[in-house]
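*Asks:* One structure follows; several queries about it will come next.
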């Protein structure tokens, strides 16, 4: 964990260098690809030692499949190879280091699995024009340098965020700023060969805010989590002496505090991307630059979401997009169940994962039914609508604690004992 933090701080320091000294106006795409690739591999080796060989093994096998197999079946084969490789590493860790929260190579491999299966060469005709898959479809097979740079670039190797291959190539070539102009500006030629000067917005205020929030999340996690350890739910005192309201309150508080660890890592990763110029997403109606193209999480929208669906969409947003693309938009039946099942498999084989995601599927169905049946009775007036929103927000907080504690506990029978 210390090595992880050190590597991310070093990446944050290198990001402005990448943005300024290796700007696409003065540096070739090949040089930018190579710099991001080499630095990413260096950080991977620093954090994980010889385990870093798997960072190359998984994408290399998938690249061979991409180059040799029929495009009509290649996507499914890549998904199968990537999940099989990742599953073997998950099982190895579970056998030899059961229940450990030590950071190992599985984290970056989970991110790489998303990247290799993100439709680098797919027929877009299968999907609607508004689907997430259509946006990130690319017809041209990437070169080895482009492919491995996309896999290992230092900004997002450790914990994401996951970005589409097309967006990454636009960033490397400097096209991402040409695609957007401020509302008050005149026309800008979007031709990639245009020599017109484009004023690029500075990301540093956004970076500063994200770094500060990331630090606050780390401080809150380290200072408060010792008072609410998730392992306490296995103790006889919790199971036999705590009242039901006290149990539920504890689960909500403990799971909320555990999320601050993820907030810290994801906000810092977002800041690294933004500091290097990656993540620009145009301007809002007031002409302010948006740096949320590949943001991992929106903390406030997650913690105050009015439904389970609203909250889930703001948590690990790159993974949500990936699951929607790989399963939800493709499955002909059981979209929700299959999506949660792939999410559980992607995380590993601890029973707690499957309890969480199968519970998530059940509660998703329940929340849809409640919304269809109940919401219409509360939207006639603003006070009634506000009361309904507060009630669903509070209910979502309780449900989130109820279904996610097993994800943290990992074990089957201790989780079942709490449910009983």
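Note that Cβ sites are derived from N, Cα and C of the backbone, with glycine treated the same way.
Bear in mind that TrEMBL entries carry predicted annotations, made automatically and left uncurated.
Not measured: the values here are computed from a predicted model.
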*Asks:* Among the residue ranges 77-96, 97-116, I'd like the one that TrEMBL describes as transmembrane segment.
*Replies:* 77-96
*Asks:* Which one of 352-370, 371-389 shows up in TrEMBL as transmembrane segment?
*Replies:* 352-370
*Asks:* Can you name the far-off residues of the same chain, 6+ from the ends of the transmembrane segment (352-370), with a Cβ under 8 Å from a Cβ of it?
*Replies:* 307-309, 312, 336-337, 340-341, 343-344, 399, 402-404, 406-412, 415-416
*Asks:* State the residues, same chain only, that lie 6 or more residues beyond the ends of the transmembrane segment (43-65) and have a CB under 8 A from a CB inside it; answer 'none' if no residue qualifies.
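*Replies:* Contacts of the transmembrane segment (43-65) (Cβ under 8 Å, skipping residues fewer than 6 from its ends): 3-4, 6-7, 10-11, 74, 77-78, 81-82, 85-86, 89, 103-105, 108-109, 112-113, 115-117, 144, 147-148, 151-152, 154, 157-158.
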